[in-house]
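A.B. asks: Dropping a structure here in structure tokens format, bear with me for questions.
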């Protein structure tokens, strides 16, 4: 008898009917002889509704009270699912995050899981119950309720799977698996049978929204096999593990893309060279995330530094840099909006030279300007005009024959 952890997101439990279908999935796993834990999110858009109500009261609601408020969303789901399972003839029990023993650091609205005391869950499993746990939440050592931020329910599921040494953690969602790229934009996109943790982590960080990077990191660190599959179907999804077992895998496995990218360029005079570290220290102090970075030095006593940010952070970025202009020896600031990042990912790129050249050639031949480039062992990212983003993804999908 194995242990399986299933996670269902908000769209999968948005109605009582869908909660019934979610219960059927848990019952199916139970009938296979498995012990079953189900982690759920709040129903549909209920979290958004709670946020909207809070913002009617205050433009900047107290973070502690927001955690108290938002944690109620999952509590509704777990109770309804447990009731449904009992009505279908299967013993079940629901736990909030703190009842399930999920201890977090003392950070409201974006806490990280510090430890899990799984004794209560294990006791219920031994009694033959299906255990339902509220995702997205936990409790501090001081008894304060916290929420885990974006992707928190995925992370809850993987953390529980790790603590109880589950055979598998299935993230059940509204897609049948992870695709070679976003099928809404590239019609030839194909479902992948397997990905490595590193490939999935790169895709998640680069804009593929199927899994949150924190949950993939957790799975990788504790070697928990992950499956991404459709919520209410039995069709196998995409398995994410340490190594690929398939022999015939392509060098490039997937393409990720995201828009709303802006390039910021700082110019300075070389007489008093700007310390690059100070720029990024200032930005980090203001919680501004920087992505691709390029530094250039001319022979005329001038230099420049370009980096990309999310467009939503442009005003804050410019304000920080303007405020520190003298300290940072900045001569001029420029920004270019309406950009996008398009990336190719594949663990096979490590041992296959020429992949980047093939990518750049395909983009150039299709008149897609490359503004910036960033690479790692298993990915190459390019910044292109936003209007060319989807075309770039389609071109690269064809170039690397990901539909075959």
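Sequential numbering from 1, following the chain as shown.
Every residue, even glycine, has its Cβ placed from backbone N, Cα and C.
Positions annotated as ATP binding site by TrEMBL: 7, 8, 9, 10, 173, 174, 184. Marked as substrate binding site by TrEMBL: 47, 74. Look at TrEMBL and you will find 344-404 tagged as domain 'ACT'.
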A.B. asks: When you measure from the Cβ of residue 9 (ATP binding site), how many other Cβ atoms are you left with inside 10 Å?
C.D. replies: 20
A.B. asks: Using C-alpha atoms only, work out the spacing between residue 7 (ATP binding site) and residue 74 (substrate binding site) and round it to an integer in Å.
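C.D. replies: Computed Cα spacing between residue 7 (ATP binding site) and residue 74 (substrate binding site) is 12 Å.
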A.B. asks: Between the Cα atoms of residue 9 (ATP binding site) and residue 47 (substrate binding site), find the distance and write it as a whole number of Å.
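C.D. replies: Between the alpha carbons of residue 9 (ATP binding site) and residue 47 (substrate binding site) there are 12 Å.
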A.B. asks: Note the mean pLDDT of the domain 'ACT' (344-404), expressed as a whole number.
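C.D. replies: Here the mean pLDDT over the domain 'ACT' (344-404) amounts to 95.
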A.B. asks: For the domain 'ACT' (344-404), what does DSSP give as the number of helix, strand and coil residues?
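C.D. replies: Reading the DSSP string over the domain 'ACT' (344-404) gives 30 helix, 14 strand, 17 coil.
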A.B. asks: Please report the distance from the Cα of residue 174 (ATP binding site) to the Cα of residue 74 (substrate binding site), rounded to the nearest angstrom.
C.D. replies: 18
A.B. asks: Which site among 74, 174 has the most other CB atoms no more than 10 Å from its CB, taking these as binding-site residues?
C.D. replies: 74
A.B. asks: Roughly how many Å separate the Cα of residue 74 (substrate binding site) from that of residue 173 (ATP binding site), to the nearest whole number?
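C.D. replies: For residue 74 (substrate binding site) versus residue 173 (ATP binding site), the Cα atoms are 16 Å apart.
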A.B. asks: How big is the Cα-to-Cα gap, in Å, between residue 173 (ATP binding site) and residue 47 (substrate binding site)?
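C.D. replies: Cα-Cα distance, residue 173 (ATP binding site) to residue 47 (substrate binding site): 17 Å.
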